[in-house]
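Colleague: Encoded as structure tokens, here's the structure I'll be asking about.
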Amino acid sequence: MERTNWTDIEFILQGLSEYPSAEKLLFVMCSVTYLVILLGNSTLITLTLLDSCLHTPMYFFLGNLSFLDICYTSSYIPTLLIHLLSEKKTISFTRCVVQMSVSFTMASTECVLLAVMAYDRYVAICNPLRYPIIMSRALCIQMASLSWGLGFLNSLTQTILAVRLPFCGKNVINHFVCEILAFIKLACADISLNEITLMLGNVIFLFSPLLLICISYIFILSTVLRINSAEGRKKAFSTCSAHLTVVTVFYGTILFMYMKPKSKDSTFDKLIALFYGVVTPMLNPIIYSLRNTEVHGAMRKLMTRYWFWRKG
């Protein structure tokens with residue numbers, strides 16, 4: 001079969017086309033969720049930049065995570081919202097590749113960044129006296145840069161391998177967005193190399209960081225249990241609870257998608273993937289703000305400054 005030129009290819013994102021009423025409900029839910037994502041994560045970034053009390057490694061990495069979540073969701077949610085209300089659900093080859101590449105970069109980066117944040121918590125609890133020396137500003141910048149760099153390289157590798165494939169007419173992507181596995185399955189060529197590299201990428205960027213996170217928390221738990229006072233143990237656990245909750249939601253959803261039995265009805269699989277892509281970024285700022293006195297204090301100071309500015 002003759003290969004189609006990239007400029008001639010348009011993909012149809014099937015989504016929930018067979019359930020028009022469900023699409024309207026999904027539009028409302030995704031719109032509200034996206035606004036919460038933008039507001040919540042933008043607020044956290046603003047607070048970590050403006051409040052000197054939040055100029056610590058933990059909040060530096062949290063600012064990176066919030067920026068990542070905004071970029072990740074902005075790469076596909078605006079297009080998703082348009083398609084949910086439109087009968088024409090097409091996307092050009094170039095836009096599809098850009099959407100796929102950006103979202104893949106963000107997802108890979110988040111895996112590494114969560115492991116970096118676990119290491120930060122390990123140093124803070126297991127080596128509190130040396131924490132300011134070990135987690136210096138230079139090291140934090142290097143670790144954050146490494147997370148972004150590795151995520152970009154993984155995405156670049158997978159994207160290059162994907163766009164080299166020939167496409168010969170099949171153009172319906174059975175998903176809400178340009179997801180890489182659904183994308184390469186449309187190729188009229190052998191995709192074994194793509195599947196192998198994706199599997200290796202999953203091992204490196206999903207399970208390796210998860211292993212490092214588990215090791216970090218084993219050491220943290222061991223240290224916390226040696227603390228004599230109940231108040232001290234509670235305080236130590238509270239500094240990790242938000243990160244541990246985010247990791248549980250993030251990896252819990254991913255592992256459920258990968259390890260559950262294959263469903264005959266792809267609608268359920270698509271909704272689970274949408275939950276991972278939309279709900280998780282919304283929960284991150286909520287989890288880190290809930291019962292966090294430092295964030296609450298920074299918010300009060302910011303609101304006080306704004307009030308005096310309006311009065312002045």
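Glycine residues also receive a Cβ, built from the backbone N, Cα and C atoms like all the rest.
Pulled the feature table from TrEMBL, pasting it below:
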DOMAIN    40-288  domain 'G-protein coupled receptors family 1 profile'
TRANSMEM  25-47  transmembrane segment
TRANSMEM  59-85  transmembrane segment
TRANSMEM  97-119  transmembrane segment
TRANSMEM  131-153  transmembrane segment
TRANSMEM  199-224  transmembrane segment
TRANSMEM  236-259  transmembrane segment
TRANSMEM  271-290  transmembrane segment
Colleague: Looking only at residues six or more beyond either end of the transmembrane segment (199-224), which have a C-beta under 8 A from one in the stretch?
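Modeller: Contacts of the transmembrane segment (199-224) (Cβ under 8 Å, skipping residues fewer than 6 from its ends): 108, 111-112, 114-115, 118-119, 121-122, 125-126, 150-151, 154, 157-158, 233, 236-237, 240, 244, 247, 251, 254, 258.
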Colleague: Could you tell me what the rest of the chain brings near the transmembrane segment (59-85), counting residues at least six beyond its ends with Cβ under 8 Å?
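Modeller: Distant Cβ neighbours of the transmembrane segment (59-85) are 13, 15, 23-24, 26-27, 30-31, 34, 37-38, 40-42, 44-45, 48-49, 91, 95, 98-99, 102-103, 106-107, 109-110, 113-114, 116-117, 120, 140, 143-144, 147-148, 176-178, 246, 277-278, 281, 284-285, 288, 294.
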Colleague: Report, as numbers and ranges, which residues of the same chain sit near the transmembrane segment (131-153): CB under 8 Å and 6 or more residues beyond its ends.
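Modeller: Long-range Cβ neighbours of the transmembrane segment (131-153): 57, 60-61, 64, 105-113, 116, 119-120, 123-124, 205.
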